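Copied over from TrEMBL:
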type	residues	note
ACT_SITE	Tyr373	active site
ACT_SITE	Asp413	active site, proton donor/acceptor
ACT_SITE	His511	active site, proton acceptor
BINDING	Asn266, Glu297, Asp413, Asn415, Asp510, His511	Mg(2+) binding site
DOMAIN	109-143	domain 'SAP'
REGION	59-98	region 'Disordered'
SITE	Asn415	site 'Transition state stabilizer'
SITE	Asp485	site 'Important for catalytic activity'
SITE	His511	site 'Interaction with DNA substrate'
Amino acid sequence: MLCSFAVKARSLRTRAFSPLAVGVMGSKRLLSNSSVSASSTVEGKTDKKLKGLATADLNSDEGEVKGNGGKGKVVEQGKNDDREQGLVGTNHDSRDGVFKDIMNDPGRINSMTVQQLKAALRNAGLPAKGCKSELVSALKSYLDKQLDGESSHLEDEQLSSISAQSISVTGKTKTFSAELDAKIVMKGKKLSIKEKKPSQAIRKASLVIDGKDANDGVNVPMSQSEPWTIFAHKKPQKGWIAYNPRIMRPPSLMGDTKCMKLMSWNVNGLRALLKLEGFSVLELAKRENFDVLCLQETKLQEKDVESIKHSLLEGYENSFWTCSVSKLGYSGTAIISRIKPLSVRYGLGISDHDSEGRLVTAEFDTFYLLSAYVPNSGDGLRRLPYRVKEWDQSLSNYMKELEKSKPVILTGDLNCAHEEIDIHDPTGNKRSAGFTNEERQSFGTNFISRGFVDTFRKQHPDVVGYSYWGYRHGGRKTNKGWRLDYFLVSESIADKVYDSYILPDVTGSDHCPVGLILAL
């Protein structure tokens with residue numbers, strides 16, 4: 001038996017927020033006059049510690065392990081002498097002299113000891129924690145900002161919205177036309193500027209570092225506060241770049257443009273997420289101002305839904321939940337909307353597939369929206385035959401049947417990294433659940449080949465962007481991830497997609513949210 005709950009809709013004005021005793025009030029926007037902010041990153045925020053999530057949830061889908069990421073980093077313990085080998089002086093002038101020497105010879109940083117690095121960072125008023133590579137990166141980042149007056153990086157400007165863009169790299173300015181994509185590529189010790197033809201959707205600029213230091217007086221360090229911009233791929237192809245939503249998203253739509261903003265998130269346990277002191281679904285609504293939020297892996301039981309939904313979002317008064325009845329505290333999906341759907345369905349209408357709460361369908365005026373949590377093939381790939389021979393085919397047929405009346409949008413954790421660009425280590429994961437040849441072929445056959453468009457890949461054909469990082473090996477810090485969360489749309493509305501994006505800075509789950517802006 002599946003559960004469904006809906007609360008009568010009521011109208012609120014655009015961006016109206018007020019605090020609740022148990023949450024943050026969601027924003028309300030008039031659909032006929034939507035104003036969508038395309039900026040999805042809050043400057044200065046860094047990942048919070050995942051309190052309460054140090055141990056894996058035993059009810060996670062099939063107990064699967066998605067990936068075999070590398071070993072975690074070891075953080076050096078203990079105190080260090082701030083005056084180690086004369087690196088840190090006794091006054092401001094001597095400190096400036098030390099940094100001046102380092103600026104003149106950036107290669108010196110790599111030969112510094114851990115104690116020296118920590119001492120230099122502390123004297124600069126910066127955190128001095130982590131392994132040597134992290135300390136090196138932090139010190140280079142600091143020196144880079146000092147050299148460039150903190151103007152050498154691309155800030156929040158969108159290259160697609162200006163006629164020309166100046167990028168200052170260690171005092172030398174290069175100007176690029178907005179008609180060209182700009183990429184700063186670091187290969188070995190040589191900095192080169194490459195230009196491409198205009199991209200299909202937006203202009204983009206990205207820092208790509210091949211893991212080697214630049215010692216020719218030009219340093220472009222990877223940002224520890226934005227680990228998703230680290231290019232982490234063991235089998236890269238020419239032209240691939242790391243995803244950076246701060247510079248790869250189009251400008252905001254004009255205020256009079258009608259659109260709908262959809263978001264999807266595998267929360268890996270909604271109750272645990274709501275208990276976190278860090279970023280949560282409550283703040284996500286305030287920040288992103290979405291119209292509809294789809295959730296997966298809520299792990300709720302039917303008895304929990306009523307209390308949970310009242311602690312979520314005001315202004316999103318239409319919520320529809322389905323829970324697993326075959327295994328309690330497992331799976332579960334939901335659609336939460338400020339717009340009242342025309343109709344709602346639960347499951348595929350096939351009893352063999354519908355006991356785990358994996359699908360909710362909401363019908364809106366111009367499309368069907370499906371929030372799906374596709375079964376994982378599990379440890380030892382024991383559910384692989386069921387996944388590729390039964391579930392995928394049944395879901396595909398269900399979508400094609402809906403498509404006879406109006407276009408379809410499928411979103412959620414589809415548990416498949418479709419192409420090699422979608423996973424950091426394709427060679428090492430060929431028999432891992434989510435990247436087997438069988439799953440990838442099934443994804444292509446049942447969805448892509450049947451006319452459903454992968455919106456993120458269409459917009460970003462050469463971008464390495466992930467939506468899942470396993471807890472086990474700290475993959476999020478090193479950006480060793482997978483792209484498992486999608487928005488697939490019918491071909492008939494693919495050209496109406498204004499933006500398909502990932503929000504890798506949002507923590508609280510091993511997945512991050514993905515979004516879609518659809519022009520109406």
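Just so you know, glycine gets a Cβ as well, placed from its N, Cα and C.
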Counting each residue once, how many in the domain 'SAP' (109-143) are helix, strand and coil under DSSP? 25 helix, 0 strand, 10 coil
Nearest of the recorded positions (Asn266, Glu297, Tyr373, Asp413, Asp485) to the residue listed as 'active site, proton acceptor' - Cα to Cα: Asn266
Can you count the other CB atoms that lie within 10 A of the CB of Asp485 (site 'Important for catalytic activity')? 24
From Tyr373, Asp413, Asp485 (recorded positions), the ones whose CA sits within 10 A of Glu297 (Mg(2+) binding site) are Tyr373, Asp413
Give me the mean pLDDT over the domain 'SAP' (109-143), rounded to a whole number. 78
Calculate the distance in Å between the alpha carbons (Cα) of Asp510 (Mg(2+) binding site) and Asp485 (site 'Important for catalytic activity'), and round it to a whole number. 12
Quiz question: given the recorded positions Glu297, Asp413, Asp510, which has the greatest number of C-beta atoms lying within 10 angstroms of its own C-beta? Asp413
If one measures from the C-alpha of Tyr373 (active site) to the C-alpha of the residue listed as 'active site, proton donor/acceptor', what distance in angstrom results, rounded to a whole number? 5
Asp485 (site 'Important for catalytic activity') versus Asn415 (Mg(2+) binding site) - Cα distance in angstrom: 7
Could you state the whole-number distance in Å separating the C-alpha atoms of Asp413 (active site, proton donor/acceptor) and Asp485 (site 'Important for catalytic activity')? 4
